């Protein structure tokens, strides 16, 4: 039936009650408050404060979790049973001859190798560190094809692993930080080339905490000797094997050796000999983490690297050296950034 326009409008009128008005105003108030807190500041989210000791504890635990997987994969497959990543299915295929996947080329044009251990270690490390929401994590491995089912056989009990390092972690000082200024650099398997060759003494897993642009904490874990070395700026360096702080080795007691890269030597060996003559012996060695530890224990005096290198390779070692009053320097003599 046809109704005049004014009659239809009258039938559709909405009556506003005081309760409805109050609910609307409260809702609008919450929306405005959320806008002021989350978006007006320009950051999108409020700042989160964290304790350096907590971040460091998880960084050490993450390195050891990753290292456990690196060691277990090596032990279960033997020296000559490595893995390559199927290009089609992004899944693992085991083979019984020496072979790996190539993930790309270095800046010098050499092949960069990738093993199952790299990716499983990376997965487990990120799993630990992601317990901090919005933590900025920078890792060497970008491949995300590993799933929980792939990594599960290589997990170890988190609590028992924490118990093994709690005495070291308990001594690390507390310091409040804003999470947005913190970055964690991860190298889930340093010395992959040597790992594929069975030269496990060079293999390390490293995590590093950077505040602003300064490395303030580093952890280097040697999975095949089960030793973790940690360093915090302003506090010092400690090894899990002794449970005590390390002191600087007297220069007169240091072996006159220069350690250089095995796989990226470039012209660094020639540079070392031209700069220092026959006073020093030049020793090729694998892994940036391993070579840093050689400086700490006094079995080498200098570590020289001339070709391109990434921050996840140097960050942990740099932080540890800084904790002892040293630093990694570029070829101009300036601290690394």
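Backbone N, Cα and C atoms are what each Cβ position is placed from, and that goes for glycine too.
The range from 2-20, 21-39 that TrEMBL describes as transmembrane segment is residues 21-39. Binding of Mg(2+) is annotated in TrEMBL for 187, 189, 190, 313; the matching candidate from 64, 75, 76, 140 at the same site is 140. According to DSSP, residue 313 (Mg(2+) binding site) is assigned to a helical segment.
Other than the site residues 140, 187, 189, 190, 313, same-chain residues with C-beta atoms no more than 8 angstroms from the centre of those residues' C-beta atoms, the Mg(2+) site, are 186, 188, 191, 192, 204, 205, 206, 287, 288, 289, 310, 312.
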